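Visitor: This structure is in structure tokens; I'll ask about it shortly.
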Amino acid sequence: MRAACKEAAIYGEALLPIERNPTVITVILNPVANKRKAKQEFEKYCEPLLLLGGLQVDVVQTASEGNAKEIVETLRGTEAIIVAGGDGTLSETVTGLLRRNDQANMFPVGVLPLGRTNSIGNTLFPNGKGVQKVKQLITASMAIIKGNTVWKDAMKIEQVTDESETPNRPIYAMASMEWGAFRDTLAKKDKYWFYGPLREYAAYIFNGYKSSLNWNCSGTIKYTPPCVGCTNCTAKRPEVKRKWFFVSSTEAAGQLDQTKILNPECLTSKELCFRTCDFKIKTQNVAMNHQIPALSIFLGRNSYSYTDFVSEGWRRIKTNSDPEPIFARTIEITPKETDRDTVIEIDKEDFDMKPIKITLMPKVIKLFCQ
């Protein structure tokens, strides 16, 4: 921390032009993240570095689930948004950002991995426990001060409704959607807290035989192939004259106008009936990279015996490897009717399973990186 503070102070002591004010950043802090440790760790390891780096830090604490969406949708007068929390807080922030129609996604977004699950934060900055966790928070804070950014994908998730139904507003995610017995088992791991670091293993032992898990994930998926961008899948955005800090004026000039590219294959679609106990969709932010932007669909086995399920679950705890994926740009999922409520997980947040359409939005969120 001492070394990081000295480095941050160099940036903070740099002279600014007389017409330039200190950079204003807004921190969306989830105080209850990671068993209420997030606020303490932010104030101990992150906030001092940001202040020493010469940034004007405005901290806004979320008051309830979904509050981050509301804060970001109405946010004004900032030059960067910093998410201090886990996957859920980041997903809400991205949702609020992309629901706006003023090109607010040009705001760079910083990720301080302070939650219990930090899928995106762990891909940007090396993670660990103890001292390694502190080093991860220092690296994430210094990335914000230095201002290096990278564009990342997101996926837009919309409910498919009938004409008589009022559609809900879309939500956005940056990591994954999961459905099935393996996801349900890990969701119960906190019930076995008394096993300490072995609680995930215990969850598989005590739940592998239960019928309450989603052993039958079935339905149909209709998907279109990946596309580099064409007149069909690229919406022409209106020009916005305002300029945000951290945005280079030459950045947009070097981009190819994809609205004039023709790709007949982009309109083709394939339909697939499936039945599995492990269904996942991941972005390239957390899955293997494809040659062109794509979502990865992973379909697991149809069934497992108790011993196979437990051994496979234990293997995934140690090394999380996925089967061969199906690559797609858009995915429509129509689940088979079930007798009970079915829950899916989108960026570690629970939602009721309904017919949905998932659309890839390539390179739409700008994140601070090393």
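Glycine too: its Cβ is placed from the backbone N, Cα and C atoms.
Predicted automatically and left uncurated, TrEMBL annotations should be read as such.
Sharing the features that TrEMBL gives for it:
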type   : residues : note
DOMAIN : 20-164   : domain 'DAGKc'
Visitor: Please work out the mean pLDDT for the residues of the domain 'DAGKc' (20-164).
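Guide: Averaged over the domain 'DAGKc' (20-164), per-residue pLDDT gives 91.
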Visitor: Taking DSSP states H, G and I as helix and E and B as strand, how many residues of the domain 'DAGKc' (20-164) are helix, strand and coil?
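Guide: Grouping H, G, I as helix and E, B as strand yields 64 helix, 34 strand, 47 coil.
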